[in-house]
Amino acid sequence: MSVQFIRGTAVADLEAPLIQATKQWLEEDAQHEVFYLVPNHIKFEQEIQVLQKLRQLQTTTSDSITSTRLQVFSFYRLAWYYLQHTPFYSADVLSDAGAAMIFRKILVEAEEELQIFRGEINKPGFIQQLFQLYQEMREGNIEIAELYPFLEKQTENPKGQDLQLKFQDLTLIFTRFQLQMSQYGYESAEIIQHLSEYLQTVDLSNVQFVISGYQQFTARELKLIEVLMAQAGSVKVALLLDKQYPHDLPDPRSLFYEAGQTYHQLYQLARQKQIPILSDYVEKKEVLITNPDLQGLNDYWIQSQEHLPPLSTADWRGDGLFLWRAENVKEELTHVATEIRRLVVEEGYRYKEIQVLTRDLDCYENLLEPIFAEHEIPVYVDRDMAMDRHPLVEWIESLFAIHSYNYRYRDVLRFLRTELFMPMNQLATSEESLTDWLNQRNAWRRKVDITENVVLAYGYEGYYWSQEKDWEFIRYDFEAEEQEDVATMEEESNAIRQSLQRLLPSYFQAMISAKTGLEAATVFYHFLLQSGVATQLKMWRLQAIEAGQLETARNHEQTWDALMSLLDEYVTVYGESSFDFTTFQEIFVSGLEGLHYSKVPTAIDQVQVRAMDLTRPGAAKVTFAIGMTEEIFPQKIENKTLLSDEERQTINDTLTENQYLRGTTGRKIAQEPYVAYLVFSSARERLYLTYPSVKDTAQEVKPSPYFKNIQKDLNLPVFEKNETTIFDDETTSLAHISTYRTLIGELTRLKRQRKETQEGLLPFWLNMEKALMNQSIAPLAKQVFESLTHQNIPEKIDEVLAEPLYGKDIYTSVSRMESFYRCQYQYFSRYGLRLKERDVFGLSPAATGEFFHEALDQFFKLLIMNQRNLSELTDQEVNLLAEEVLNSILGDARFSVLTTSSRMNYIRYQLSQTIKKVSWALKRQSQRSGMTTVQTEVLFGQIAAKKGISGLELPLKNQGKIHVRGKIDRIDQLVTPESTYLGVIDYKSSHRKFNMTEAYYGLAMQMLTYLDVALMDAVQLVGQEAKPAGSLYLHVHNPTLSYEGKDDIEQQMLKKYQFDGLLMKDPDLLDHLDTSLQAKQSSLLFPIEESAKEQIKPGRRQEDKFVTEPELGALLSHNRNKFIEAGNQIIGGEVQLNPAYQGKERIACRYCPFRSVCDFDVMLKENNYHRIENLSKEEIMARLLNKDEEGATEDE
């Protein structure tokens, strides 16, 4: 029975005397055993290290047997070793998630009794904070019931009263928690206590305990060590400590304060128990840190923190410590990877002998693995990965959301997209079945894709999913004016809907009907199996194993195991309680989100990446400490516990020597120099301290004060680590290259710089490129280098390919041709490649326009059919007629969207009001005008299965024709004694004016084409040849009127519905357009006015809207030529990226859905807008009238 302290600074190899003592103890007696106790996070590495060093010391065959009597454990593993067959381990120990359930249950039951913490159960993280405080108090050997009497006296000040009330709540919660936990098993803190009690009854005289890697212990761990010192044959305690503290505590500002305090505590415990204390062994011979510079850094840091005289830097060699400042985070990691690769290739290091330390893994994680992969460096990131990103967690969250929000479509799609809901026959895990499963999964995935499109297009939510009736829907193409075949879509989307409807409603009902937690857990478990979740995870695991992704396979297995454990613990805690579905959902969502995967390195020879706080002296031969900025080193520490620093200090002042709470925030901040000391001593041969000068969005990031102090006090250079430039010499350039894959990136950057600077590459780089092109990676390099000369210019399609794409004859509409002139690539994408955006539920502009057109068409057809004159109807008759039309249209399946929600019902009302207002205006217009409507919705050309009057058929250069189709909304006729005139009316749901420039450039071909067709087929339309009246727009809307307008309401309203467009400058026509006009008046219907001399003429500033017959003829001829020009370019394979730009408006790109396809970027010199020159009417007419036939199809 004895205890001995093994001391030394980080330079000393404290493990050497421990291994020697272990060997000696094992050799003394065949019954002797050794338990090596280390922190859990280094147990794996320490076990390998201890066994290796022990093997090196053994010299005979018999000696090698001694290692079987050596165990490397953590304290909790030691508890399992001794207590596994005792009642303490006979019951299942609840996990942290199970303990959180008990806390939740207590908080709900005791809510009315709580004062400070009432209602805190709904605060995110509160239960975790509560559990952490409980564990802290148990580990600190503190019974809360003992504290409360003292705290009752702390009522002199408000803070004392708050602390008393807080502990009143905590006493209630923790007392009930302990009572409940006694029914289920012992939590970890209790296990240590029971181990201490158990070991007092065990003969440990043949056992030596070696304790290493700790600097401080919890109160219960100290009690356990006290038992070990009293019972064991020998106890060795290794502490990173510069001197002994047998009688006095160290100065709180000391670098080794924590270790010194631990030394003092253990020394005093041994003295009190009269346990022999052997002389300290201070290691001075065996050196852990072998590089003299790093030894000097160790001494410097101790002296600077202990305020001792500074060191001399005269003997500094400069081969062990390197300070880097990188241009940014990416360059920092790139240079680290390059240096690692160099160390391995040139200096013989192994990857496992190198570690990367950081305190900001969130910043580096996304870049680290890809960059290291480029450099072909195997890496292991020692970080617990949360389960919250696993599809199973998403599946559970979306399942609960479906119930909470009644089949909201985004929740249903989230649920389906996890691909865990796949009800199918259970498959065996054989190679054949994996192929079968993949085929089934792909088929299911396709059905889900189709279902998603259907749901987005039709807005299926709520009862649409739970009803037994299958979905029935129509799909109407408003442009082509035809109904699409949706039989396959209906069948496949309904297959998905039926699967959900068969399982989900009954599951939710069963859960709601469950009486107890056990009953609900049983329902949930069976639903997991019925849904195919267990099978899917099993197949995912098998698929990952087949692909060699062992970590992914383990994650799938661990996630399922975690869910099953959570379910078991839920039954343990809530099994006999009344079931509450809301609590059940909260427990399982938060329970899985808080869990982490346990990780094991998948390969031995890997670079280790870990947190700075978890390192230890001499952990690796080479250490890269990255991200050494002032933001995180020293770390800014906040108190996020339930007790403030002041409250902690108050409590600590009342505790006995064997009780304590963890230190305050100030104490943790004071420990930061010690963390830095561990980082600086973590490397045995080389240490690299690096930081980025730019991080995220922060510019001019400052280095850590520790970094600056080392650089200044030791007079060390800071090496700049930047991107390669074309001006770098060969030595500097070589520092950027470690593999052929990285060479591709460097050469790409340099070639781009050469292009920008016109500087030549060094011969060194040309030789490197030549060597690269002889490697297997050459095809990738070639592809990347080609990107430097790539221009975002679409290739012209061969005419042989264009014909099967578009046909020999082109059947088109006016809007399609206008699209071609807006941007040829847009036309190619939509009508060549047939790309189309997914339909999204709602009333589209096309559907709105179709609604208005259909309503007005039926309105006039009823008038014509009933041989009624609109001008003769009363307002009431007009209103009744409009109502009849609306009732007919709103029952049409094309507009069923208008009945799907309250919002849509309101839109329906607004559309109806608009039609009624327009009907009112049409009546007033008919009373004032000589124009009468003779036909509506006049088809020309072939539209779907319908064939109308003759459309335009124009010749193309390939001997084919371009066939133009369309639908004229309305044709009006005006008959005078001298002539018959035809005019076309086009309804627009937005305000539109005829623009001569747009017509000239092919951007507005509709009105000229419609008028051309009407005149061409006049005999068929009105029974005789007719003269043109014009093409006019009618704005279909429900106008807002000015309250203070000088005109009366009717005049204001008619002004809002005034026709706008192109009119003939024909006196006979103008005299009869508005029969209500009087001298010195402007028409409310047309852009005309009557002069004082009773002469009808174009209105003020309206001249550009009027043309003569020769001018109209030129416009119509030019319009036809634009069709021919576009048709010839289309069949010729022209695909230019030339979006039109007029004035300050990007008319082609503004609403274009293909921007992500064409990648048009005005910053690229090869991408330019087709800028539309604004021309006056006179300029256009001069060009058209003076143009000879040879240039008739050319654009200026």
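Using the three backbone atoms N, Cα and C, a Cβ is placed for every residue, glycine included.
Noted in Swiss-Prot for the protein shown:
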BINDING   Cys823, Cys1149, Cys1152, Cys1158  [4Fe-4S] cluster binding site
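The Cβ centroid of Cys823, Cys1149, Cys1152, Cys1158 marks the [4Fe-4S] cluster site; residues of that chain outside this set whose Cβ lies within 8 Å of it are Arg822, Tyr825, Gln826, Leu1137, Pro1139, Ala1148, Phe1154, Arg1155, Phe1160, given in sequence order. For Cys1158 ([4Fe-4S] cluster binding site), the Cβ neighbour count at a 10 Å cut-off comes to 20, with all displayed protein chains included.
Sequence-distant neighbours of Cys1152 ([4Fe-4S] cluster binding site) (same chain, 6+ apart, CB under 8 A from its CB) are Cys823, Gln826, Pro1139. DSSP assigns Cys1158 ([4Fe-4S] cluster binding site) to a helical segment in the three-state reduction. Of all the binding-site residues listed (Cys823, Cys1149), Cys1149 has the fewest other CB atoms within 10 A of its CB.
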